[in-house]
Amino acid sequence: MVRIASGEMKERLAVYFIMGSQNSERPAADVLKEALDGGVTLFQFREKGPGALKGADKEALARQLQRLCRAYGVPFIVNDDVELALAIDADGVHVGQDDEDARRVREKIGDKILGVSAHNVEEAMAAVEAGADYLGVGPIYPTSSKEDAKEAQGPDVLRRLREAGITIPIVAIGGITAANAKTVVEAGADGVSVISAIASAPSPKAAAAALAEAVRAARTR
């Protein structure tokens with residue numbers, strides 16, 4: 001296995017859907033399938049927060065969602081659970097600044113995809129040095145999807161990272177919608193990452209398709 005190429009990583013970040021069982025009143029597998037039909041390009045299993053599954057139940061759901069992703073050829077990333085990622089042979093792991101050290105995670109997962117959350121230039125540079133394949137940057141806009149979300153920074157944080165010489169793929173997160181996706185891509189993001197914009201939508205398929213079209217339009221300018 002070899003590390004994912006930067007160009008492929010950028011393409012995969014176009015529409016990055018994050019969810020767990022706690023993010024929708026509907027079964028997670030139903031929501032994910034519709035989102036995949038709509039054009040999601042990367043998926044992160046984030047089973048955290050009040051009511052989140054644990055142990056065998058968490059692993060069973062992870063495997064179910066992973067099978068869906070494989071059927072669509074979409075990489076399956078696990079949030080902050082290296083042991084689970086290794087147990088099910090996930091495609092990668094994403095860690096935040098308060099999770100396990102990124103350098104240690106890289107050592108454990110080998111060449112699997114490693115994503116790291118960053119909120120400023122210093123954190124971004126440290127993540128690059130630790131071996132991150134992409135950065136999750138935000139929150140760009142106010143969000144209620146994450147109980148521990150920091151203050152929104154606006155698209156300018158993306159410009160600051162690019163101006164500081166950060167060249168690895170970046171996905172923007174936090175309050176992203178089809179209406180503002182163009183703005184964040186133009187500011188320096190390679191794609192958008194969402195939870196509620198898809199998970200809470202009346203039609204996850206239509207929501208994913210709208211995001212995909214917005215990112216595509218911004219990229220081709």
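Cβ atoms are placed via backbone N, Cα and C, with glycine included.
Marked as 4-amino-2-methyl-5-(diphosphooxymethyl)pyrimidine binding site by Swiss-Prot: GLN44, PHE45, ARG46, GLU47, LYS48, ASN79, SER117, LYS146. In sequence order, ILE18, MET19, GLY20, ASN23, ASN79, ASP80, HIS94, ILE195 constitute the residues six or more apart from ARG46 (4-amino-2-methyl-5-(diphosphooxymethyl)pyrimidine binding site) in its chain with CB-CB distances below 8 Å.
Summarising the annotation, Swiss-Prot assigns Mg(2+) binding site to ASP80, ASP99 and lists sequence analysis as the type of evidence. Around ASP99 (Mg(2+) binding site), a 10 Å sphere centred on its CB holds 16 further CB atoms from the protein chains shown.
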Non-local Cβ contacts of PHE45 (4-amino-2-methyl-5-(diphosphooxymethyl)pyrimidine binding site) (under 8 Å, 6 or more apart, same chain)?
-> MET19, GLY20, LEU61, ALA62, LEU65, GLN66, PHE76, ILE77, VAL78, ASN79, ALA90
Cβ neighbour count within 10 Å of LYS48 (4-amino-2-methyl-5-(diphosphooxymethyl)pyrimidine binding site) | 16
Minimum Cβ neighbour count within 10 Å among the binding-site residues GLN44, ASN79, SER117: which residue?
-> ASN79
How far is it from GLN44 (4-amino-2-methyl-5-(diphosphooxymethyl)pyrimidine binding site) to ASP99 (Mg(2+) binding site), counting Cα to Cα, in Å?
-> 15
Of these binding-site residues, GLU47, ASP80, which scores lowest on Cβ atoms within 10 Å?
-> ASP80
